[in-house]
Amino acid sequence: MILFPAVDIKDGRCVRLRQGRADAETVFSDDPAAMARHWQDQGAKWLHVIDLDGAFSGMPANFELIRRICADLSVPVQLGGGIRDEATAKAYLDAGVERLIIGTVALEEPDLYARLCATFPGRIGVSLDAEGGRLKTKGWVADSGLTVDDVLPRLLAAGTAFVIYTDIDRDGMQTGVNLSALERLAGMCPVPVIAAGGVATLEDVRALYPMTLTSSVEGAITGRAIYTGTLDLHAAMEWIAAQ
(Lines of atoms letter the chains of each structure in order from A; the text may use other names.)
(Lines give C-alpha, C1' and ligand atoms only; values in the text may rest on other atoms or scores of the structure.)
Protein backbone atom coordinates (compact mmCIF):
# COMPACT_ATOMS: atom_id res chain seq x y z
CA MET A 1 0.00 0.00 0.00
CA ILE A 2 1.30 3.42 -0.97
CA LEU A 3 0.45 6.61 0.92
CA PHE A 4 0.92 9.68 -1.25
CA PRO A 5 1.45 12.89 0.77
CA ALA A 6 -0.08 15.81 -1.11
CA VAL A 7 1.77 19.05 -1.78
CA ASP A 8 -0.74 21.46 -3.29
CA ILE A 9 0.79 24.66 -4.66
CA LYS A 10 -1.07 27.96 -4.94
CA ASP A 11 0.61 31.37 -5.30
CA GLY A 12 3.96 29.65 -4.66
CA ARG A 13 2.84 28.35 -1.27
CA CYS A 14 1.80 24.95 0.07
CA VAL A 15 -1.93 25.07 0.81
CA ARG A 16 -4.94 22.85 1.38
CA LEU A 17 -8.44 23.58 0.14
CA ARG A 18 -11.68 22.20 1.52
CA GLN A 19 -13.70 20.40 -1.15
CA GLY A 20 -11.54 22.09 -3.79
CA ARG A 21 -12.87 25.57 -3.05
CA ALA A 22 -10.35 28.35 -3.70
CA ASP A 23 -12.09 30.44 -1.03
CA ALA A 24 -11.55 27.73 1.61
CA GLU A 25 -7.76 27.81 1.67
CA THR A 26 -5.34 27.13 4.51
CA VAL A 27 -1.65 27.96 4.00
CA PHE A 28 0.62 25.37 5.62
CA SER A 29 4.02 26.47 4.31
CA ASP A 30 5.62 29.24 2.29
CA ASP A 31 8.18 26.70 1.01
CA PRO A 32 6.57 23.77 -0.88
CA ALA A 33 9.99 22.31 -1.75
CA ALA A 34 10.92 22.09 1.93
CA MET A 35 7.52 20.54 2.64
CA ALA A 36 8.13 17.91 -0.05
CA ARG A 37 11.52 17.07 1.47
CA HIS A 38 9.89 16.81 4.90
CA TRP A 39 7.41 14.18 3.68
CA GLN A 40 10.21 12.25 2.00
CA ASP A 41 12.13 12.33 5.30
CA GLN A 42 9.00 10.99 7.05
CA GLY A 43 9.15 7.89 4.85
CA ALA A 44 7.02 8.74 1.81
CA LYS A 45 7.72 6.53 -1.22
CA TRP A 46 5.90 8.90 -3.62
CA LEU A 47 4.89 12.57 -3.62
CA HIS A 48 1.57 13.83 -5.02
CA VAL A 49 2.01 17.40 -6.26
CA ILE A 50 -0.82 19.56 -7.59
CA ASP A 51 -0.40 22.94 -9.30
CA LEU A 52 -3.67 24.49 -8.13
CA ASP A 53 -2.98 27.71 -10.03
CA GLY A 54 -2.60 25.58 -13.16
CA ALA A 55 -5.78 23.65 -12.45
CA PHE A 56 -7.80 26.85 -12.20
CA SER A 57 -6.09 28.71 -15.09
CA GLY A 58 -5.52 25.82 -17.50
CA MET A 59 -1.78 26.42 -17.90
CA PRO A 60 1.35 25.68 -15.85
CA ALA A 61 1.91 28.31 -13.17
CA ASN A 62 4.64 26.86 -10.93
CA PHE A 63 6.91 25.05 -13.39
CA GLU A 64 10.29 26.10 -11.96
CA LEU A 65 9.21 25.30 -8.41
CA ILE A 66 7.99 21.86 -9.47
CA ARG A 67 11.20 21.20 -11.39
CA ARG A 68 13.17 22.08 -8.26
CA ILE A 69 11.03 19.77 -6.12
CA CYS A 70 11.72 16.87 -8.51
CA ALA A 71 15.46 17.63 -8.49
CA ASP A 72 15.54 17.78 -4.68
CA LEU A 73 13.80 14.45 -4.08
CA SER A 74 14.96 10.87 -4.46
CA VAL A 75 11.38 9.53 -4.53
CA PRO A 76 9.14 9.83 -7.62
CA VAL A 77 6.60 12.60 -8.09
CA GLN A 78 3.16 12.40 -9.68
CA LEU A 79 1.83 15.75 -10.82
CA GLY A 80 -1.52 17.22 -11.81
CA GLY A 81 -2.98 20.63 -12.54
CA GLY A 82 -3.04 22.58 -15.79
CA ILE A 83 -1.66 19.85 -18.07
CA ARG A 84 -3.80 20.42 -21.13
CA ASP A 85 -1.45 19.93 -24.12
CA GLU A 86 1.40 17.66 -25.26
CA ALA A 87 4.09 20.32 -24.88
CA THR A 88 3.28 20.85 -21.21
CA ALA A 89 3.23 17.10 -20.58
CA LYS A 90 6.63 16.64 -22.23
CA ALA A 91 8.13 19.60 -20.38
CA TYR A 92 7.09 18.23 -17.00
CA LEU A 93 8.31 14.70 -17.77
CA ASP A 94 11.62 16.11 -19.02
CA ALA A 95 11.83 18.14 -15.80
CA GLY A 96 11.78 14.97 -13.69
CA VAL A 97 8.11 14.27 -13.00
CA GLU A 98 7.55 10.50 -13.04
CA ARG A 99 3.90 10.43 -14.05
CA LEU A 100 1.16 12.90 -14.91
CA ILE A 101 -2.42 13.21 -13.71
CA ILE A 102 -4.88 14.42 -16.33
CA GLY A 103 -8.35 15.64 -15.40
CA THR A 104 -10.13 18.12 -17.65
CA VAL A 105 -8.51 16.98 -20.93
CA ALA A 106 -9.40 13.34 -20.26
CA LEU A 107 -13.09 14.21 -20.16
CA GLU A 108 -13.31 17.09 -22.64
CA GLU A 109 -10.68 16.21 -25.27
CA PRO A 110 -10.64 12.42 -25.68
CA ASP A 111 -8.45 12.45 -28.80
CA LEU A 112 -5.77 14.53 -27.07
CA TYR A 113 -5.93 12.30 -24.00
CA ALA A 114 -5.49 9.17 -26.12
CA ARG A 115 -2.53 10.82 -27.84
CA LEU A 116 -0.91 11.62 -24.50
CA CYS A 117 -1.32 8.00 -23.39
CA ALA A 118 0.20 6.76 -26.66
CA THR A 119 3.09 9.25 -26.61
CA PHE A 120 4.01 8.69 -22.96
CA PRO A 121 2.99 5.06 -22.28
CA GLY A 122 2.71 4.07 -18.64
CA ARG A 123 3.08 7.65 -17.43
CA ILE A 124 -0.39 9.13 -17.92
CA GLY A 125 -3.18 8.65 -15.41
CA VAL A 126 -6.61 10.15 -14.99
CA SER A 127 -8.17 11.93 -12.06
CA LEU A 128 -11.88 11.21 -11.72
CA ASP A 129 -13.20 13.86 -9.36
CA ALA A 130 -16.78 13.14 -8.33
CA GLU A 131 -19.28 15.22 -6.40
CA GLY A 132 -22.65 13.64 -5.85
CA GLY A 133 -21.66 11.01 -8.42
CA ARG A 134 -21.00 13.53 -11.23
CA LEU A 135 -17.50 14.27 -12.50
CA LYS A 136 -16.11 17.80 -12.18
CA THR A 137 -13.50 19.54 -14.38
CA LYS A 138 -11.44 22.76 -14.55
CA GLY A 139 -10.21 22.57 -10.97
CA TRP A 140 -13.55 21.10 -9.83
CA VAL A 141 -15.54 24.23 -10.74
CA ALA A 142 -17.31 22.84 -13.84
CA ASP A 143 -19.84 20.00 -13.90
CA SER A 144 -19.12 17.65 -16.82
CA GLY A 145 -22.55 16.03 -16.59
CA LEU A 146 -20.76 12.66 -16.83
CA THR A 147 -20.37 9.77 -14.41
CA VAL A 148 -17.53 7.29 -13.91
CA ASP A 149 -19.52 4.67 -15.82
CA ASP A 150 -19.85 7.04 -18.79
CA VAL A 151 -16.13 7.58 -19.25
CA LEU A 152 -14.13 4.75 -17.69
CA PRO A 153 -14.26 2.25 -20.60
CA ARG A 154 -12.96 4.88 -23.04
CA LEU A 155 -10.22 6.03 -20.68
CA LEU A 156 -8.99 2.48 -20.10
CA ALA A 157 -9.06 1.74 -23.84
CA ALA A 158 -6.94 4.86 -24.44
CA GLY A 159 -4.14 3.44 -22.29
CA THR A 160 -4.69 5.00 -18.87
CA ALA A 161 -1.89 3.80 -16.57
CA PHE A 162 -3.59 4.57 -13.24
CA VAL A 163 -6.81 6.10 -11.91
CA ILE A 164 -7.18 8.56 -9.04
CA TYR A 165 -10.67 8.71 -7.59
CA THR A 166 -11.52 11.81 -5.59
CA ASP A 167 -14.67 12.00 -3.53
CA ILE A 168 -15.01 15.80 -3.51
CA ASP A 169 -17.68 15.64 -0.82
CA ARG A 170 -15.02 14.22 1.52
CA ASP A 171 -11.96 16.17 0.32
CA GLY A 172 -10.37 18.02 3.21
CA MET A 173 -13.28 17.05 5.45
CA GLN A 174 -11.40 14.15 7.12
CA THR A 175 -14.46 11.91 7.23
CA GLY A 176 -12.91 8.64 6.02
CA VAL A 177 -12.65 7.08 2.57
CA ASN A 178 -15.79 6.21 0.59
CA LEU A 179 -14.91 2.50 0.59
CA SER A 180 -18.00 1.31 -1.27
CA ALA A 181 -17.48 3.70 -4.21
CA LEU A 182 -13.79 2.81 -4.28
CA GLU A 183 -14.48 -0.92 -4.24
CA ARG A 184 -16.93 -0.57 -7.11
CA LEU A 185 -14.42 1.41 -9.18
CA ALA A 186 -11.60 -1.04 -8.44
CA GLY A 187 -13.82 -3.85 -9.69
CA MET A 188 -14.00 -2.10 -13.06
CA CYS A 189 -10.27 -1.24 -13.27
CA PRO A 190 -7.39 -3.51 -14.25
CA VAL A 191 -4.95 -0.63 -13.59
CA PRO A 192 -3.95 0.77 -10.17
CA VAL A 193 -6.59 2.86 -8.39
CA ILE A 194 -5.66 5.53 -5.84
CA ALA A 195 -8.17 6.96 -3.37
CA ALA A 196 -8.25 10.68 -2.62
CA GLY A 197 -10.44 12.52 -0.15
CA GLY A 198 -11.20 11.52 3.41
CA VAL A 199 -8.03 9.83 4.75
CA ALA A 200 -7.87 11.38 8.21
CA THR A 201 -6.48 8.88 10.71
CA LEU A 202 -4.49 5.68 11.03
CA GLU A 203 -7.84 3.91 11.36
CA ASP A 204 -8.72 5.09 7.84
CA VAL A 205 -5.43 3.65 6.58
CA ARG A 206 -6.15 0.36 8.35
CA ALA A 207 -9.66 0.25 6.88
CA LEU A 208 -8.32 0.76 3.36
CA TYR A 209 -5.34 -1.60 3.65
CA PRO A 210 -7.16 -4.94 3.03
CA MET A 211 -8.52 -3.58 -0.24
CA THR A 212 -4.94 -3.06 -1.48
CA LEU A 213 -4.34 -6.80 -1.06
CA THR A 214 -7.46 -8.04 -2.84
CA SER A 215 -8.15 -5.46 -5.57
CA SER A 216 -6.48 -2.97 -7.90
CA VAL A 217 -6.45 -0.30 -5.16
CA GLU A 218 -2.83 0.87 -4.84
CA GLY A 219 -3.17 3.27 -1.95
CA ALA A 220 -4.39 6.71 -0.98
CA ILE A 221 -3.50 10.37 -1.19
CA THR A 222 -3.48 12.19 2.12
CA GLY A 223 -3.40 15.94 2.57
CA ARG A 224 -5.01 17.96 5.34
CA ALA A 225 -4.69 15.11 7.86
CA ILE A 226 -0.88 15.00 7.74
CA TYR A 227 -0.67 18.79 7.94
CA THR A 228 -2.99 19.14 10.92
CA GLY A 229 -1.61 16.06 12.66
CA THR A 230 -4.64 13.77 12.79
CA LEU A 231 -2.53 11.33 10.75
CA ASP A 232 1.16 10.81 11.53
CA LEU A 233 2.67 9.92 8.15
CA HIS A 234 5.77 8.28 9.64
CA ALA A 235 3.69 6.11 11.98
CA ALA A 236 1.36 5.17 9.12
CA MET A 237 4.29 4.18 6.90
CA GLU A 238 5.73 2.07 9.72
CA TRP A 239 2.37 0.36 10.27
CA ILE A 240 2.11 -0.49 6.55
CA ALA A 241 5.68 -1.82 6.50
CA ALA A 242 4.93 -4.08 9.47
CA GLN A 243 2.01 -5.83 7.78
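Cβ atoms here come from the backbone N, Cα and C positions, even for glycine.
Sequence annotations record features per position, and here Swiss-Prot assigns active site, proton acceptor to Asp8 based on sequence analysis. Marked as active site, proton donor by Swiss-Prot on the basis of sequence analysis: Asp129.
Within the same chain, the residues at least 6 positions away from the residue listed as 'active site, proton acceptor' whose Cβ sits under 8 Å from its Cβ are Cys14, Val15, Arg16, Leu17, Val49, Ile50, Leu52, Gly223, listed in sequence order. Asp129 (active site, proton donor) counts 24 other C-beta atoms within 10 Å of its own C-beta, drawing on all protein chains shown.
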